[in-house]
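S.K.: Okay, here's the structure, questions in a sec.
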Amino acid sequence: MFLCSHFILTQPVTFLVKHQQRCQEMEFAELIKTPRVDGVVLRRPFLPTVEGTLCLTGHHLILSSRQDNTEELWLLHANIDAIEKRFVGSLGTIIVKCKDLRVIQLDIPGMEECLNIASSIEVLSTLDSVSLMYPFFYRPMFQVIEDGWKSFLPEDAFKDLESMTEEWRLSDVNKDYSVCSSYPPLVAVPKDVDDDTLRKAAAFRHGGRFPVLSYYHKKNGMVMMRSGQPLTGTNGRRCKEDEKLINATLRAGKRGYIIDTRTVSVAQQAKARGGGFESEANYPQWRRIHKAIERSSILQESLIKLVEACNDQSHSMDRWLSKLEASNWQTHVKEILTTACLAAQCIDREGASVLVHGTEGTDSTLQVTSLAQIILDPACRTIQGFQALVEREWLQAGHPFQQRCSQSAYSNSKPRCEAPVFLLFLDCVWQILRQFPCSFQFSQHFLVLLFEHTYASQFGTFMGNSASERSKLNLSQKTVSLWSWVNRPQEVERLSNPLYEANCLVIWPSVAPQSLLLWEGVFLRWKRSSRCLDEAYDEMVHIIQYNNKELQNKVNNLRRQLAQLETEEPLLQTP
Amino acid sequence: MEHIRTPKVEQVRLLERFSNKSTSGTLHLTATHLIFVESNNTATTAAQEIWILHHHIASVEKLSLTTSGCPLVIQCRNFRVVHFVVQRERDCHDIYSSLLRLLRPVSYDELYAFSYNPKQNEQQREEGWQLIDLGAEFERMGVPCDRWQLTDVNRDYKICETYPRDLYVPITASKPIIVGSSKFRSKGRFPVLTYFYQEKKAAVCRCSQPLSGFSARCLEDESMLQAISKANHNSRFVYVMDTRPKLNAMANRAAGKGYENEDNYSNIRFQFVGIENIHVMRTSLQKLLEVVGSRFLSVNDYLLGLESCGWLRHVKAVVDAAIFLTKAVTVEGASVLVHCSDGWDRTAQVCSLGALLMDPYYRTIKGFMVLIEKDWISFGHKFADRCDQLDGDPKEVSPVFTQFLECVWQLTEQFPQAFEFSEWLLLQIHEHVHSCQYGNFLANNQRRREELQLGDRTHSLWAFLLREQQNYLNPAYCPTYADTHPVLEPSTLPCHFKFWRNMYHQFDRSMHPRQSVLKNVLTLKESNCQLEDTIKDLETRLQKHGISPPTPDPQASPRDQRILPTRPHSLILGAPLSRKEAQRQQEEEEEEEEVGEEVTECCSDTERTVEGSSGTERKESYSDLQGTYGAKAEPAVVSLEFGVARMTC
């Protein structure tokens, strides 16, 4: 079910040669002490061992058996999270732990070779220089039908909004990223609010993240906005422009909800550092609700504990359950989903507008706003719509992907800003997908694919931390977009959910602990042979396609034929 | 009928288990059922009805009076929990005391099976009982053969009254050996064959614990084990699996019972596997139900509860034991003797689960019935006591069979292609083990069943299930999987054991996925067959016009030739058909007769109706917005219990 990095595997060797040449010109050459070793044995769980030649290039670790029909291993250095070395006599073993949570073992004859390989991998997998990253070197071996960099422009998204309402406008107040460094150049704001007000409101919000439109609910015209925390500080500063800005989104006599993703006490503590929350006195038309989504450092710890629990070889049920509990992962899933449901509920059931923020407004805020849209908006449940959502609510909205995803669950180095914020979002989407298996156009393969590419990728999509960084790196010119790869017919088909039937309803997931499952497709993916699950899935796909494609077409054809005959024949008989 | 004081109470409120939502309606009490009918139904939605069979009720509790009325909480053996509020206390008390009497029948004659009449003729009923033939099953395994034979020692239940009449023993085990061995075994349950692994001629035998005490021995019993060992040339020894924890087995020695001393028995390898006893299992499941039954449960409390109740640990212990058995037989080719204390609880679990791993036949619908008939019914698992069919000793009640079904479910999750049946079959069997609607599971052993003349006076569940077996099919089942994987090797990592929500929350609709993959695929598969028929029909009609059908495309030929009639009408999990939906389906079937009708949506439009969910019933769990939302009722769905609807028409 989860063949990983398939496209890397299928690149022809000529490419490898060219690629190596290029790399040798670069400074990679001096980092690679031993470029190749023969007689290396690759061991992976549930797969046959492979013996072959190990090659190191600037960006890949390659193991080839040099035989036809046998699989080669192509592993991006960027995908390597940690390595361990062991020696038995002159036979060295390197355990490679990947960011996609897979663990593989390489047995390398010769101590020196092994040490060289290990140190090269260590250096190559932790290169800090952005310009050396693989997406800048990768040349697509597929035909780009639609350039993903141009697929989801804010202008286009706004055209849809314009067709529904005239209350909003697209402001270019941030066109040189000077008002808010993590916002895109174009943002949607209330029509009656001018750019000057926006600038003043930005000064009052964390990171300059003034309230902007996140989602417009067509059904009742209610909206969801997001921002950073207000900088009220301990002496309760206020900002009339900020108040004006968000009040401009309310209809006359209506109240709105502010969903603060932090607990009351955390929000209180933030005041001491200049942050804070909207007080009732200054925002009388808004009702504030506090939820408890954890900060990113706690989430990273949770991921590490969860993966450790999943890799535990002990056969004790009690140990597994207590470790799973101690990881708190499922609690985070439940909290995030619950908050998203609450936001969706305010909008759809209460008919109220909502403003969502936490501290910076780049993590838990985005989890909530994007999940609420999955629940409310059927368009987000399509393959294209989901890409648009990720583009709009994560990439454009300034989720710092590069910082958050530079290390995964195995890394020994001290965590800096790493956190599985986006992975938790994907997990929540998977939970909803499990509960509404026919309402999504994509299958979990798509979610797993996104998880992989946020941590290591040949595409430039998830590089950088914000729109401004991406534009400085000139990614749209120098790299290929993941969406260019995804939006080709064969890939779309692979990622499609065969059971999909468009469902225009709001979908309310259950958040009871019994309804939330551990995402096996990611966390237990390498813990069992997936073959029988894959085959069962294929069988299901077959049943559905056999029905939809073959049989129904055939019946329709036959009926048409028969109808034709029956109308023709009386004519023939009359004369 | 004399126990029913009030046949009908109006204005009763039914509280939702996991939210603050409620519906009001009328409660009816009949001789066999408690029925709740929702009252304020509008024209667009069918009224919700809940039918609860008296036998399914495990406990009735009257809570203290509140301002809104008198609460009555009913817990069922199929894990349904209903919470009624009755306006007048007198009515509540009448229902309460009537139920108390009705749910504790004192004699078998009061059980539903003896009055249940599904409008079948006598011949059909008799045929139902003949569907499963254990003699034929042993023949299928290759027994009798040159080493194993049928013995008539128990023909009149004289040697062991809890065993069946027909027993298979090694050819070399003479009658005196058998009689001697049986006297040395608890309840006379001496070692007999339960499964024969033909490929290696290895046997799985079962018995009860030996009456060894601290030092007693029995030469006949030793010869019996010797005979079992000798009947298998592959291995020089026979494994003796004591499925109990060692401590329990040792404690039994003080009571003159115990386990085999390896010094006394030549050629045995003795092994404890540590499955806990019925009392531990009963408490464990009770704790589990308490944990998952609490409202506003946090993830941490849920996981800690799962851990501390130990239920999954026990489930894994049973699967581990079955894997041990399977490896000994299929890999080592050794024969294995399995026992616990009396040899009718843990022994039944391990033997049947082991056979399921070893033999693909038991993974088919029919084979699974045969397996239950053999290892559970005929070998005397005490269904009456364990399932509390009659008012008896509460200490004898234990979810041993439920646990076995759960083990099977865990395997179906690991091997989605290996089983012909889906979890719906397991749930349905579980339902009827407790319903006492069919004769199969009544009483504790075959001898008693014969006395009760169940074969003459009741119906067989197997016939009912086989008749509608298309409802229980696993769409991903691949018959050839058995060729490549004759023996299943499940993972025993704890992370692969999951909480069986569809069993323990079967009736808590709000917890389930709102769309069912299983239901959808089954429906599509069914419609595939209908389409194939339509194609055939159209082709014949075209032929009449002189057009021969195109040569069949080998790729388009159906993979599966089974004809699938309509899908389940009353399976709770599959979000049952509402009356309207059923009606629409019927209309559609009629429409299909006409030619010229485009068929594109006909099979998919109603059946794949999306069950959009309603936020109202979930809202409590999300939010701290107190009651500010207008409650909007969800379209009601008829949730008749399994098989019961049939009875009422």
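Note that Cβ sites are derived from N, Cα and C of the backbone, with glycine treated the same way.
Note that the coordinates shown come from a computational prediction; the quantities given were computed from them, not determined experimentally.
Not my notes, these are from TrEMBL:
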DOMAIN    B:128-504  domain 'Myotubularin phosphatase'
BINDING   B:Asn277, B:Ile278, B:Cys340, B:Ser341, B:Asp342, B:Gly343, B:Trp344, B:Asp345, B:Arg346  substrate binding site
ACT_SITE  B:Cys340  active site, phosphocysteine intermediate
REGION    B:544-631  region 'Disordered'
COMPBIAS  B:587-600  compositional bias 'Acidic residues'
COMPBIAS  B:605-622  compositional bias 'Basic and acidic residues'
S.K.: What is the total of other Cβ atoms whose distance to the Cβ of B:Arg346 (substrate binding site) is within 10 Å?
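M.R.: Excluding its own Cβ, B:Arg346 (substrate binding site) sees 30 Cβ atoms within 10 Å.
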S.K.: Assuming the binding residues for substrate are exactly those in the record, B:Asn277, B:Ile278, B:Cys340, B:Ser341, B:Asp342, B:Gly343, B:Trp344, B:Asp345, B:Arg346, what is the maximum CA-CA distance in angstrom, rounded?
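M.R.: So the maximum pairwise Cα distance among the substrate binders is 12 Å.
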S.K.: Quick one, of the binding-site residues B:Asn277, B:Cys340, B:Asp342, B:Trp344, which Cβ has the fewest other Cβ within 10 Å?
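M.R.: If we count Cβ atoms within 10 Å for the binding-site residues B:Asn277, B:Cys340, B:Asp342, B:Trp344, the smallest count is at B:Asn277.
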S.K.: In the same chain, outside B:Asn277, B:Ile278, B:Cys340, B:Ser341, B:Asp342, B:Gly343, B:Trp344, B:Asp345, B:Arg346, whose C-beta lies within 8 angstroms of the Cβ mean position for the substrate site?
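M.R.: Sorted by sequence, the hits are B:Ser208, B:Thr243, B:Arg244, B:Thr347, B:Val400.
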S.K.: So what's the mean pLDDT when you look at the domain 'Myotubularin phosphatase' (B:128-504)?
M.R.: 96
